[in-house]
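Taken verbatim from TrEMBL:
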| type | residues | note |
| --- | --- | --- |
| TRANSMEM | B:20-39 | transmembrane segment |
| TRANSMEM | B:51-67 | transmembrane segment |
| TRANSMEM | B:87-104 | transmembrane segment |
| TRANSMEM | B:136-152 | transmembrane segment |
| DOMAIN | B:153-453 | domain 'NADH:quinone oxidoreductase/Mrp antiporter transmembrane' |
| TRANSMEM | B:158-179 | transmembrane segment |
| TRANSMEM | B:191-213 | transmembrane segment |
| TRANSMEM | B:233-258 | transmembrane segment |
| TRANSMEM | B:270-291 | transmembrane segment |
| TRANSMEM | B:303-322 | transmembrane segment |
| TRANSMEM | B:361-382 | transmembrane segment |
| TRANSMEM | B:432-465 | transmembrane segment |
| TRANSMEM | B:477-501 | transmembrane segment |
Amino acid sequence: MPWLSILMGVPVVGALAVAAVPKGSDKLAKQLTLGVSLVVLVLTLAMAAQFDRSGARYQFSEVHDWIPSFGVHYAVAVDGIALVLIALAVVLVPIVVLASWHDADRPEAKRSVKTYFALILVLEAMMIGVFAATDVFLFYVFFEAMLIPMYFMIGSYGGAQRSYAAVKFLLYSLFGGLLMLVAVIALYAIAAKGTFLQPELLGAIKDPTTQKWLFLGFFIAFAVKAPVWPFHTWLPDAAAQAPAGAAVLLVGVLDKVGTYGMLRFCLELFPDAAKFFTPLILTLSVIGIVYGAIVAIGQTDMKRLIAYTSISHFGFITMGVFAMSADAGAGATLYMVNHGFSTGALFLLAGFLINRRGSQYIADYGGVQKVAPVLAGTFLVAGLSSLSLPGLSTFVSEFLVLIGTFENYVVPAVIALSGMVLAAVYILWMYQRMMGGPVQESVKALPDLNLREKFVVAPLIALLVVFGFFPKPLLDVVNPAVHQTLTTVHAPQFTPAIPVTAEKKGAGQ
Amino acid sequence: MSTLTAAAIEAPKIEYGELAPMLLVFGAAIIGVLVEAFTPRYLRKSIQMPITILSMVGALALTIWQGAQGVRNAAAMGAVAVDGPSLFIWGAILLLAIVSVLLINDDDQFVAQAAAVPGSAEEDQAISEGGAHTEIYPLVLFAVGGMMLFPASNDLLIMFVALEVMSLPLYLLCGLARRRRLLSQEAAMKYFLLGAFSSAFFLYGTALLYGFAGSVDLSAIDKALATVGGQDTLLYMGAATLGVGLLFKIGAAPFQAWKPDVYQGSPTPITALMASGTLIAAFGALLRVFWVALGNLDTQWTPVLWGVAILTMIVGAVLAITQTDIKRMLAYSSIAHTGFLLTAVVATGKEAQNVNALSGILFYLVTYGFATVGAFAVVTMIRDAGGEAGHLSRWAGLGKRSPALAGIFALFLLAFAGIPLTSGFFGKYAVFAPAVAAGGVGLVIVGVVTSAMAAFFYVRVIVLMFFSDPAPEGPTIALPSMGTAAVVTLAAAATVVLGVFPQPVLDLAHSAAQSLFVR
Amino acid sequence: MELYVPIVVLAVIAAGFAVFSVGIAPFTGPKRWNRAKLDAYECGIEPTPQPVGGGRFPLKYMITAMLFIVFDIEIIFLYPWAVAFDQLGVFGLVEMVLFIVTVLVAYAYVWRRRGLDWD
Amino acid sequence: MRALLADPAGAPTLADFGKDPLWISIIKALFIFVFLMLGVLFGVWTERKLISRMQHRYGPNRAGKFGLLQSVADGLKMGLKEDILPRTVDKVVYILAPIIIAVPAFLSYSIIPFGPMVSMFGVRTPLQLTDLPVAVLVVLAMASIGVYGIVLAGWGSRSPYAVLGGLRSTAQVISYEIAMGLSFVAVFLFAGTLSTSEIVAKQASGGTWDLGSISIPLPSWYAILLIPSFLIYVITMLGETNRVPFDLPEGEGELVGGFHTEYSSSLKFAMFMLAEYANVFTVSGLCITLFLGGWRAPWPISLWDGANVGWWPMLWFFVKLALVFAFFIWVRASLPRIRYDQLMAFGWKILIPLNLAWILVVATVRATRVEGADKTLVMVIAAVVVVGCLAIYFRFDTVNQRRREARAAEVEAEFERLRAEPTAGGFPVPALDLPHYHGVNGRKEVPSGTN
Amino acid sequence: MTTHYLVLSALLFAIGAVGVLVRRNAIVVFMCVELMLNACNLAFVTFARQHGNLQGQIIAFFVMIVAAAEVVVGLAIIVTIFRTRRSASVDDANLLKY
């Protein structure tokens, strides 16, 4: 049965249903959204259960002609990488829905609540689609179309600077996307295969210079999307202005599309170019790691701070992607998932704090752990995961990335290590400033997490811990795909022994 | 000369059947004039409207029938080319014209009595009498007929006549806005003066090419080109001036100056008609001239068109950013789109590329036509005390006052910006792809950058509509008449459908382009 | 060309005569300066000369001029048709019927819009 | 048709022109010039004499025998008059206008055929200055140029009467020019050429119209064959030359002198007079050429073989000319001047549609004579044409009827109101105590009135 | 010898074009356009003579009609403006700013 189509169809139908909900009955809309997203989650798990990790690379694939005269197909399928990322998305969505239960309905700015949730569902469908697409053109379509719902979510439900942030976000991504469009067209024209199916295009471009140009076309788009260092400036604004839920989806999932794209298209379609540009990209990502971390330390606005931390983390991911080694790749993939969870948790908790206190400035907080211990505790856990404390899932991925990088490129890996140290600084210092210390007047009456919020945070924390100690299921799914990716790049092969050791190390702490 | 005149003249033969769509439209126009002459005032509108719509629908049916028959030849002694592109363009023009006529139909758009001096007593009287110029219907029909003949004419003389038949009614229609009449009259005057100027250039180019080839028949010019004689200067000057005339009509930089003024000043339904129909017709003619007549000269004109295309895109995108009037902004955006279309015109060379480029252009024209008609239709509905609320600031917070309308307008804007899942995206792809294939990567990159710039001001309008708070005593949303509502829904539907499932139209365009232009 | 030479000759003679007599006029007649004589004749009341570059005149005349142009153009087409009628035969007849009918339609419109009435 | 061309008399065709040596052309040109000058002098005299006879007066009888020298005297008088250049006029235009109006008046005559081929000083040449494939167009062109003279005269004078007069006569002339041009079409249909000499040749003998078996002989003169065209032309001829009953432009009652108000009677004014009469002769000549068989002898005389050979035809031409000119005078003596709106309405609403309908009828009839024409189609077209013409005519007729009645009622009501209180109409009446205007006091003036 | 006519027509055309660009009175501008059209006519007739085919002369006819139609439409528009603002200067028509 066409799992992926169903996965995309359900949220769309749900979105229409939500949009059709009569005015005034916002509660119904929210419940409906939550229900739909849970259904999608269940379906995804059902699908994942059937995923044969030792089977063909692409599974559940469907291919239909869409626009024959352009050689465009509606072609979807998942390999391990895509699967875990889809899983990430569908897990995050219900959590976000639950988290942003009251975000939309702020009476002063009378926005339509149901629209917000409908947008979330549309976005979910597109996120699934973009990860599942095996047709370059289809991927591009989702890649661009995703911007619109996110644009509206930021623009009409965000903070004070929302419209500026939204426009910046849209224009940056659009610009990158349009460059990618040129590359897509050129790819089609030069490959002259008359099709956009990614598997058929593998190795279609022989001429190295052409490869380099096309690679750049794709890479810049992805670099803007997953903010690699010079292209990152839109992220802090967008993430800071977006409502917490949207921020989670933005940083947690949307940006992964960029790194995913690098892995899936930049590497596989243009291996030679990829090799050629690897040093440059590693440099950029190392810069990103350090820069992001340092700037994060200096932030006074917690959302911006978290945004900068993720810039640093994306540095790790890109480094892993381009380290061209099996476990670096696996680590990067894993990192995408875990980062989604940890940053998601951070953003959500920050959101809760902001909703309570009405300010996102770190200086306005202090001593929260006394008044709201649970909140503070979860915040600490999330923070620790963000600095990849051993025992939490992020550590595994970061460790794998570093190891993998060591194998090929020592210097960047070493410099990247400093990122971990800096991470400790910004996270702990933030925690200390906000949660520790004397209780501020303003936070005296700060209520602790309520039941809904507990339900929001619990699964995230659980996932972080579980995968921290037992990443094997993820790795088993991811590794084959990464291997095949690397084989297409003709990179040196490695036996997938490391992940187990990694797990041991993880357990050993 | 006398010896020549003495030579026996044999009566030419004319395929009335193949020209039927045009003849039908023109005939209806003439009947419309008769109606104006002989029916009492209160009956006119109720007679004119059906005549106009029915004739166009009939013409559309005939066109489709011919397309199904696969008619492909030059009718009327090779003066009018009834080939694939012509038929496709006819269909597109007729569709868009029908849609625009639905807009034109709600009559508070048009002046009660054109001759009355604005603000004078007689004007007030005319308005109070509820008078309206039903002449607009025949005028529109004439204009549409001209639009159909213009791209189909296979001979520069016919093309010139068609150009005028298309333009003259539009000149008049531009001046007939009911509100802001001074603006409207000025627009009419500027459009007229510049238009006449450009057609003079077109004509002089025709003269020079005639001097070069000894005939104004496009294919004859082509043949003469194949054996270029000593008169190259004539050829080059002729081609240049002819090109100037044509570029003027499509509003390509540096000849775009008339577009904003005219679009802003003229009554919005007419703007919609011009922005869709005239552009399509002019582009058809441009392609025919450059590919059929000057096909062998492409090494000369391709670089020029490169420059023009780049300049047009940049001018359109940059100047649009500074606009504060919605109609002016749309005008500049249409200039930018002209530039995008020109990128595909550059893609000549191998036949296949021609076919792809041609079908791409045709497809783009259709998508853009529908989006723009819809956009202008929305503009007519946002009213103010003094007519339409032109100034952008008046649109602030529209998204809250009427989300549906604002949403649809946003949809059109996104289509202009070429966001996937709207028609505009595939349009852009369809013109950029052949350009890249023809080695115009640089051009396409410029196009992409400019369309990013263009996206900026489209997005700005969306921001204004949705993210900023409504202006106090903002504009009223006029309750749409049946026609307007139909237009908006139709255009929106077309934009979405073409954005999700463009294949049928693409096939149509491709099969139309398959035969290229008949020579 | 040489068909036109005689016309030129005649033109020279006629022009010569006209210019001569207009030129000679000031010298043959007497000179009796009288300011009143030099004023435009308006039945003895204060003359109201038209402004330089022409005054305003009723639009009616413009409309007449336009109609004249239209019909004059029609005539331009009628003459060659008439001369070549025998060669064109029925086709010519049909086309000309269409042409004249078309013009008559416009004519009827003008008529009904009081374009031809002077009052 | 071929048969008509085979004509015993040396009827010139286009081929015979353009062969003259220059001096012959000069002689012919001079002849035409002199002929027109004398014609004008004699014409003025004839007009005055004839009209006064018709009005039981003597007319000019002092200067010379029968006052023959009267117009000569007038001419001299004009020459000796003071040439006034009003202060307000636009000098250049004012002086140029009479020249512009006079020259074309002469030129039109260059294509009027006076006779067949003759031998002039041993050179065999047609009695016609020249002929062109588009000869008749020359006449029309010259007429149009003459119109410039009129309008410029009015414009340059820059006084209300002159401007209005100029515009009026321009409007009139161009209106009637259309009707005139249309009335030619039928002739060209039959003649199949625009060259005057060939048109004359075509009128040598009427062809026959084979209708089935019976063959009806056609009259040779187009005036009879195409009588509607002829009548229309005669009317437009009057309108074109601003003659009674269409002499609105210098309608003394309303416009003082019309466009030449400011041209006090000096040689400039003489130019206008000259042009007016020259135009009369031109249209008469054209009338003769196109409709009255040109220089060819009328029927009884034409039985004599020598009638159309040598110099004789010139005589027939002059006789015809005299008769047509007499017709002008006769009309002037018998008809009143008509109102301007009537004039225009007549030109636009009657002559033009009539003309077009007539052209279509002629063309249809003609088409039946074209070889291999499909008769039924022609007949169908004919039916359509006739029915259409009638329908439109009746429609207009009723409409006009209604409008006329409404108009009359209005006028009646107005009149009633005015009878009630005379000043209601508000016609501008100059104040009774308006000071007599003496101009600005400046240099010593010769009091007006003293000569 | 036909080149003279061509040069003349080119000159007329140039004069017209310049006039359109520099003159400010709408009527004058319009007359300049007409001048350009007539320059085209001259060129057409000359070329017809040069090529010895009648096409050019026929075209001249059509151009005349078009010119006439333009006169009719254009003067109507200009007169309307003139009635409205008592001036036919292009400069006064400045409601449409860039």
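Please read every residue number as a count from 1 along the shown chain.
Positions of Cβ are set from backbone N, Cα and C atoms, glycine also.
With a threshold of 8 Å between CB atoms, the same-chain residues lying at least 6 positions outside the transmembrane segment (B:191-213) that come near it are 156-157, 159-160, 163-164, 167, 170-171, 174, 220-221, 223-225, 229, 231, 234-235, 237-246, 248-249, 255, 257-258, 261-262, 266, 293. Residues 81, 85-86, 89, 92-93, 96-97, 99-100, 103-104, 140, 143-144, 146-148, 150-154, 156, 159, 162-163, 166, 170, 173-174, 176, 218, 242-243, 246-247, 249-251, 262-263, 298, 301, 305, 327, 330-331, 334, 338, 341, 345, 348, 354, 358, 361, 365, 368-370, 372-373, 376-377, 516-517 of the same chain lie 6+ residues outside the transmembrane segment (B:270-291) yet bring a C-beta within less than 8 angstroms of a C-beta in it. Same-chain residues lying 6 or more positions outside the transmembrane segment (B:20-39) and placing a CB less than 8 Å from one of its CB atoms are 47-48, 51-52, 54-56, 58-60, 62-63, 66, 80, 90, 94, 134-135, 137-138, 141-142, 144-145, 148-149, 152. Contacts between the transmembrane segment (B:51-67) and the transmembrane segment (B:136-152): present, as 3 or more C-beta pairs lie under 8 angstroms, all at sequence separation of six or more. Between the transmembrane segment (B:361-382) and the stretches B:87-104, B:233-258, B:477-501, the greatest number of Cβ pairs separated by less than 8 Å involves B:477-501.
Within the chain, the transmembrane segment (B:233-258) has long-range Cβ neighbours (under 8 A, six or more residues past its boundaries) at 156, 163, 190-191, 194-195, 197-209, 211-212, 225, 278-279, 282-283, 285-286, 289-290, 294, 297, 300-301, 304, 308-309, 311-312, 314-316, 334-335, 338-339, 341-342. Within its own chain, the transmembrane segment (B:477-501) has Cβ neighbours under 8 Å at 99-100, 102-103, 105-106, 366-367, 370-371, 373-375, 377-378, 380-383, 401-402, 405, 408, 411-412, 415, 420-426, counting only residues six or more beyond its boundaries. Panel annotation: around the transmembrane segment (B:87-104), residues 21-22, 52-53, 56-57, 59-60, 63-64, 66-67, 71, 110, 136-137, 140, 144, 147-148, 151-152, 268-270, 272-273, 276-277, 280-281, 284, 362, 365-366, 369-370, 373, 376-377, 380, 483-484, 486-487, 490-491, 508-509, 512-513 of the same chain, lying at least six beyond its termini, place a Cβ under 8 Å from a Cβ of the stretch.
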